[in-house]
Amino acid sequence: MAFTSVQFVVFLLLAATSYFLTPKRYRWVTLLIANYIFYFFAGVRYFIYLLATTITIYFAAVKLGNISAKNKVDFAAAKTALDKEQKKAWKATFTKKKRMILIPALLFNLGILAVLKYSGFVESNLNALFARFSLGIEMPIHSFLLPLGISFYTFQSVAYLIDVYREKYEPERNWAKLALFISFFPQIVQGPIGRYNDLAEQLFRPNSFSFQRVKFGVQLMLWGAFKKLIIADRAKVIVDTIFGYPQTFGGTYVAVAALVYCVQLYGDFSGGIDIATGAAQVLGIQLEKNFQRPYLATSIPDFWRRWHITLGAWFRDYVFYPLSLSKFFMKVGKKGRKLLGNYIGKLLPVLIPQFIVFFLIGIWHGAEWKYIAFGFYNGTLIVLGILFDQPFKKLIEKLHIRTECFSWHLFQVLRTLILVALGKIITRAPGVGASAYMVRSMVQNWDGNVLLNGGLLKLGLDIQDLWVLFFASLVFLTVSLLQESGVQIREALSKQNLMFRWVIYLAAIFSLILFGVYGLNYNASDFIYRGF
């Protein structure tokens, strides 16, 4: 059930109506039923994976909670009789008990994701390795269709379990309520990845109907549909044409494709998130922010703080910090100071985990070498940025560059956008070799005349659609700049008179009807991140 389909609009209308008509005490039950109905539309056979995650996470979390509760009682009774070493041994035993529950649950759930997502990739590469050494071994290649949202609900569930392990909060002892948290239908498709302490209370409470909140939610859904149907799906035509025929469209066309793909991907992903967030707002639930105008970032780290925020936060809290603060990497840093000097040595506990994180972020996007290359590309940029941060600041100071002026800020934004666009070539090209060929072609065969002599009309869109894409993107940019300056668009619109507001509403609706309905050559497509 695509977010941009009539079926989803009808489903949301029925779900919201049923929710608000249900007695307050049972509204969360209505929401759970709606979640499962939505998931059944994706395929009944995939429901078993969602159910398996819910059951294993539930029992593991409850067991962890029981162990922690019993330990608190037992330790309080015994601590006065224990010396320092005995207390240390007690803590080690307690931690071991909890890990015996945590680790199997993590391996089971992350293992399901890994098998479904990466089996074919691993098997095909092993076969290539066997063939290279003439071993005469050939493994069967398994290919699985990914259950809807498995990457997102697995990460959300794992985060909950780890937080319970860390005693950040008590485990949810009502199985159905945990099932509601794991399966909330607006976010299960492509996020944002929710945290239990932020989302659960909103899901369980009996939210009341609010016309203002419903209005804001519908407005956000319209804005998301605008970005997806009018911008992203038009941009897709250009992107598919150039990346589909890299031998034909080289040079300047590659730069066009990279920039237009940035527009497509952002419009597609953020548009889907806006629809999800708006749908949740209709039900009285506020999802976490997942984007903060990433193409206005002034550095690669700043970009990743603005792009897919909840995924970055997940890797920060559950991979980067545990690695960088671990005893192993503390020892690495200590040895690094002796071998490489104090400056680089003290950064090693940060640099190496950063590489690991971006390797994982890369392969999270897909089981292909190009996604691994994408991860290492971004990891390299991040690491170089950290290493040369202080020397770069000294150089700026020595050259008397005014970093507070607009021109410097613009330079930073454009520099970051170019680096980001180069990274997008890696993920969108057919493979690593193809992306290298396209970048080389862009540098060696640059010809600015193709932008002026009608070359853009060879890319699948006629002149009218190019103008629609241009002006729609201009609207998108204007809204982003206003938001970056602190303007709350929906709040500002709500303060205008009724006539003006309805002109805006009708313009948005008719824009979707007139410009979001495409011909046979480029029908509206699925959301890109739905496949991750």
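Just so you know, glycine gets a Cβ as well, placed from its N, Cα and C.
What TrEMBL lists as transmembrane segment is 36-62 (among others).
Here the transmembrane segment (101-121) has long-range neighbours at 49, 52-53, 56-57, 60, 63-64, 67, 141-144, 146-147, 150-151, 154, 157-158, 161-162, 165, 363, 367-368, meaning same-chain residues at least 6 beyond its ends whose C-beta is under 8 angstroms from one of its own. Summarising the annotation, TrEMBL assigns transmembrane segment to 101-121 (among others).
Residues annotated as transmembrane segment in TrEMBL: 141-162 (among others). Same-chain residues lying 6 or more positions outside the transmembrane segment (141-162) and placing a CB less than 8 Å from one of its CB atoms are 39, 42-43, 46, 49-50, 53-54, 57, 60-61, 64, 102, 105-106, 109-110, 112-113, 115-117, 119-120, 123-124, 127, 178, 181-183, 187-191, 193-196, 311, 314, 317-318, 364, 530-532.
Annotation comment: TrEMBL describes 343-365 (among others) as transmembrane segment.
Among residues of the same chain six or more beyond the transmembrane segment (371-388), those with a C-beta under 8 A of the stretch's C-beta atoms are 299-301, 304, 344, 347, 350-351, 354-355, 357-365, 419, 422-423, 426-427, 432, 435. Summarising the annotation, TrEMBL assigns transmembrane segment to 371-388 (among others).
The transmembrane segment annotation in TrEMBL covers 466-482 (among others).
Feature annotation from TrEMBL assigns transmembrane segment to 502-520 (among others).
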